[in-house]
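S.K.: Okay, handing you the structure first.
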């Protein structure tokens, strides 16, 4: 029945007058391929068994066999053949009799999608020849024995990335005999950073091991003064993750013929990673309520998210920037595009990309939250993907910024990139895609503007150094931090920096000149604000220091506002107000301490335990205003992970996760998660409550799969306390 159905469907294709073939953007769908394709009438005596016939095909697809070893795909937990494009792989064909080169003719066929077409690269016939040309489709016989031949097959270095069906076709006088459809010999073809002809070629082996093959990483968070880090499991080799990543391209409706191009893949993926406007992978939530979902801080890696999306086809709840970036990194590394996760500290979210973030102050010098639309994120995570940019002038290839967190729309959708890091550094923001937005994220100035009663705006202070102060990623081959700020910008105040800014403005990044506004900076008094290292649940003190460099005595009416904020810099509520009017003696410094008590902040604390302090001071004698702001992130306690005894692949063992509640309150609704790529799938456990000062112990029994150095990552989540992590590197012995 199914055959008649499908032929009817084929005949009734809706033709829209513009293209004869419907769009071909599903890697899953396939067409019927006839096993016998007759050239005309077949004579009665014809017996296909008289001709060369394929008995068996070996793909050498086990992890220890030649193909997966040479193509660096032996880590994928997937039984099918996985090869990288532009590099030869081997197969063996067994015929029913010895192959005779003079009279027998056969060829190989790779197909992808429902409507394979040769000119689109979705139908690939390969004739057997004598020589393989680098980076072009071809096949040659490298060994014959009895009825078998061994072939070396070269794929094109620009080939489509995806899962191909594979057939062997034999020519007979009356028609073509094909092997039957066999999903066991389906072949995945991926990007190849080891191949010089591939657009994603990366020439350093240590970097390839890190940016393509490493399945765990480190996310840097916190803030500039207090950089914190946590592990993230990318898990790009885990079971079904490769299929889930290919499904994302189907979901984004990327035409199969465009899937050999890393620029296109990155652009559509940056849209489909977030759920805005296309029901993509992760739903973002920044409001501290995560009903019917998982709190962003509870995830320990990408695998659970991708697999849940692949099975439910519905956005997974919830994510924030590092979750979008972690999943995006898994997607890129899984397909073979070198990728790394970046953290930009004090990241500007500049609503109108004018390189100016406006903080409006009211009469008293407090920030007016009604008027202030721009925000400074404590940190923001995005990704860089490595590729050539043949669509741009020479010199803009290499690392490209891609960002899956939905912030602003680009060409009508929430997506960002790929934007060349090199172009951002030099201010060449005219080159696609979204360079002006990224340029503003790392280069904005903060303007403190006071609204006078008559509506005029007075700029009280300009901070040119805070935005994009520090841009980091994990170092190659270790867990430390690598400072890559200089990849994005020249040194603050250098001639090159000025020139890059002028170039960016010339190419249309809006920048209001200071001449438009009345601004006379205060020069004879400096104000500085410092916070003591603060531990969650404890009191801590902050210090305001004035330096009066003049010969006059001044009084400074000073206002301190402490706010509990989301890490995106958006205020939830003011929890501390303090004003005082110190006397500033001529040519001297004076410091003032203010104690912040835990009882003042604990009830409203948000999960990243971030505070934002604004200090404004008016020098009464001159009317000048000083303003300074600072983010403070509390120290959050960590989980402890311990193993019991030796870890041997294939032998059951156990691991213990411990946590002591440091707060002066009971923790309610506690959830623990534990995972480790290649060691154990994510395990979750609910605990009702942990009283203050008491310790929770959770023992997990598991059997590690593969030997080698692995990492276990755990997280704890509860109503009052989130962002609690622990990790442990473990060496798993060979049995």
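Every residue gets a Cβ built from N, Cα and C, even glycine.
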S.K.: Which one of 1-26, 27-52 shows up in TrEMBL as region 'Disordered'?
M.R.: 1-26
S.K.: Taking the recorded Ca(2+) site as 443, 445, 492, 497, identify the other residues of that chain whose CB atom sits within 8 Å of the mean position of the site's CB atoms, giving them in sequence order.
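M.R.: Other same-chain residues near the Ca(2+) site: 464, 465, 467, 468, 489, 493, 501.
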S.K.: Rounded to a whole angstrom, what is the C-alpha distance between residue 403 (active site) and residue 321 (active site)?
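M.R.: About 9 Å separate the Cα atoms of these two residues.
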S.K.: What count of other C-beta atoms do you get within 10 angstroms of the C-beta of residue 445 (Ca(2+) binding site), across all chains shown?
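M.R.: By my count, 20.
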S.K.: Any same-chain residues 6+ apart from residue 497 (Ca(2+) binding site) with CB under 8 Å of its CB? Would you list them in sequence order, or say none?
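M.R.: Correct list: 489, 490, 491.
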S.K.: Rounded to the nearest angstrom, how far is the Cα of residue 380 (active site) from the Cα of residue 443 (Ca(2+) binding site)?
M.R.: 14
S.K.: Could you tell me the C-alpha distance between residue 321 (active site) and residue 380 (active site) in angstrom, no decimals?
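M.R.: That separation, Cα to Cα, works out to 6 Å.
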S.K.: Pick from 403, 492: which of these recorded positions has the biggest number of other Cβ atoms within 10 Å of its Cβ?
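M.R.: Per the Cβ count, the most surrounded site is 403.
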S.K.: Which of the listed recorded positions (321, 380, 443) has the least company, meaning the fewest other Cβ atoms within 10 Å of its Cβ?
M.R.: 443
S.K.: In whole Å, note down how far the CA of residue 492 (Ca(2+) binding site) lies from the CA of residue 380 (active site).
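M.R.: A Cα-Cα distance of 20 Å.
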